[in-house]
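Student: First the structure, then my questions, so here it is.
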Amino acid sequence: MPASFSWRVWPALVLLLFPSTVAAEESSLLEGWNDVWLFRFLVNMLGYSTIIIPGYLLISYFKRTNYLETGSGVCFPFIKTCVFGSESKTGLLDDVSVSTRNEGDSGSSVKQVIKLIFCAAGLQVSYLTWGVLQERVMTRSYGATTPEDEGEKFKDSQFLVFMNRILALTVSGLWCILFKQPRHGAPMYKYSFASLSNIMSSWCQYEALKYISFPTQVLAKASKVIPVMLMGKIVSHKSYEYWEYFTAVLISVGVSMFLLSSTPSKHPSTVTTFSGIVILVGYIVFDSFTSNWQDNLFKYKMSSVQMMFGVNLFSCLFTIGSLLEQGAFFDSLAFMTRHSEFAFHAVLLSVCSACGQLFIFYTINQFGAAVFTIIMTLRQAIAILLSCFLYGHAVTIVGGFGVAVVFLALFLRVYARSRMKSGRRAPQPQGQKV
């Protein structure tokens with residue numbers, strides 16, 4: 001009895017006599033868990049679930065009670081837009097995109113060349129700057145005054161995702177107000193699926209840089225063709241040509257050569273680790289789901305900018321809710337006030353991301369997906385060279401050959417796709433000649 005009594009009383013006495021010591025131990029334990037990426041991932045998902053579960057229950061209730069026919073009042077238009085929409089699927093009808101593209105095709109060749117240079121320069125500047133800043137923010141410290149001073153690192157990837165999304169939401173919202181858009185028909189809640197996967201893919205993208213080098217991340221993003229094809233079969237039941245499978249295998253071989261030949265750098269943030277590979281796989285899976293779900297959403301009559309607005313709206317809702325629940329929002333703002341350089345980098349990162357999305361839509365509307373893919377493939381190659389130059393990443397001869405194989409496969413995909421499209425248009429003029 002005395003032994004059990006002392007076993008119960010001692011912790012209480014320690015807590016009463018040394019409360020600050022116990023609080024410090026709990027704080028250090030929590031900080032230790034915060035350094036584990038899987039713990040942060042689960043906490044983020046828990047935060048999103050506090051919004052998703054009530055939303056799911058409300059949507060189920062409105063559909064079960066046939067609210068579209070029985071509902072009325074001030075909230076009826078809002079609930080109808082969010083839950084039901086117009087429910088009219090009209091195929092891939094992006095009226096704004098089609099009209100803009102047709103106008104671009106009828107212009108003079110000189111004007112088209114100027115437009116192409118403008119698009120290529122805009123994409124390269126936006127995303128090369130974005131890539132350099134992304135690596136700077138996630139792998140380097142702020143506030144170091146001397147070489148011996150380690151400074152302070154920013155750790156919350158979710159806050160950076162929120163910064164990117166809030167600016168993209170503002171830009172796309174202004175675009176929808178200033179320029180005529182098709183009448184919106186999709187239920188708003190359907191954007192939440194693409195939004196959640198987009199948030200998680202962006203979070204994985206930032207988080208992975210804590211464990212792997214930027215060139216490794218770029219190559220992994222280039223190889224997402226493979227899971228996109230898998231997701232296409234699963235989600236959209238798509239079929240693919242033999243050359244698509246061939247180039248997918250080439251990409252896999254090139255990425256494997258690069259990863260297996262990489263030598264660890266002295267800097268700890270550039271060492272390829274198992275955690276980094278797992279996070280990259282998560283990025284590729286989430287991103288593949290996002291693109292395929294957005295393809296399905298385009299079956300409603302909407303423009304690309306409307307899609308951008310809808311996805312970013314839910315992204316802001318999810319991220320700000322999770323950040324506030326964790327108390328990380330104000331911690332990140334405090335970090336920004338302590339380090340003005342980080343504040344500048346975070347804002348510029350968001351500006352580049354938002355401008356880059358607009359350049360993507362404009363380029364595809366004017367010149368099509370093939371030209372856009374070539375520009376972005378070149379951007380990935382330049383990004384690897386730029387990262388190696390600025391941050392000192394070492395690439396072996398075998399690794400360099402692997403990089404070349406990956407980009408060769410990507411250009412082969414563009415060439416084969418353009419040949420296939422021209423082959424489909426070929427029979428009509430041949431018939432006229434005969």
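Yeah, the Cβs are placed from backbone N, Cα and C, and that goes for glycine too.
Relevant sequence annotations retrieved from TrEMBL are reproduced here:
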type: SIGNAL; residues: 1-24; note: signal peptide
type: TRANSMEM; residues: 39-59; note: transmembrane segment
type: TRANSMEM; residues: 113-133; note: transmembrane segment
type: TRANSMEM; residues: 159-179; note: transmembrane segment
type: TRANSMEM; residues: 242-261; note: transmembrane segment
type: TRANSMEM; residues: 267-286; note: transmembrane segment
type: TRANSMEM; residues: 307-330; note: transmembrane segment
type: TRANSMEM; residues: 342-362; note: transmembrane segment
type: TRANSMEM; residues: 369-392; note: transmembrane segment
type: TRANSMEM; residues: 398-416; note: transmembrane segment
Student: Quick one: do the transmembrane segment (369-392) and the transmembrane segment (159-179) have at least 3 Cβ pairs under 8 Å, skipping pairs fewer than 6 apart in sequence?
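Tutor: Between the transmembrane segment (159-179) and the transmembrane segment (369-392), which are separate recorded stretches, there is no contact, as judged by 3 or more close Cβ pairs.
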Student: Can you work out which residues elsewhere in the same chain, 6+ from the ends of the transmembrane segment (113-133), have a Cβ less than 8 Å from its Cβ atoms?
Tutor: 104, 107, 214, 218, 345, 348-349, 352-353, 355-356, 359-360, 362-363, 366-367, 371-372, 375-376, 378-379, 382-383, 386-387, 390
Student: What stretch, picked from 159-179, 307-330, 342-362, 398-416, has the most CB pairs under 8 A with the transmembrane segment (242-261)?
Tutor: 398-416
Student: State the residues, same chain only, that lie 6 or more residues beyond the ends of the transmembrane segment (159-179) and have a CB under 8 A from a CB inside it; answer 'none' if no residue qualifies.
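Tutor: Same-chain contacts beyond the ends: 96, 137, 199, 202-203, 206, 305-306, 308-309, 312-313, 315-316, 319-320, 323, 328-329, 332, 346-347, 349-351, 353-355, 357-358.
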Student: Determine which residues of the chain contact the transmembrane segment (39-59) at the Cβ level, with the cut-off under 8 Å and only residues 6 or more beyond its ends counted.
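Tutor: Beyond its ends, the transmembrane segment (39-59) has Cβ neighbours at 33, 83, 157-158, 189, 192, 196, 199-200, 203, 207, 317-318, 321-323, 325-326.
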Student: Cβ under 8 Å, sequence separation of at least 6 from the ends of the transmembrane segment (342-362): give me the contacting residues as numbers and ranges.
Tutor: 97, 119, 122-123, 126-127, 129-130, 133-134, 136-137, 142, 154, 160, 163-164, 166-168, 170-172, 175, 304-305, 308, 335-336, 372
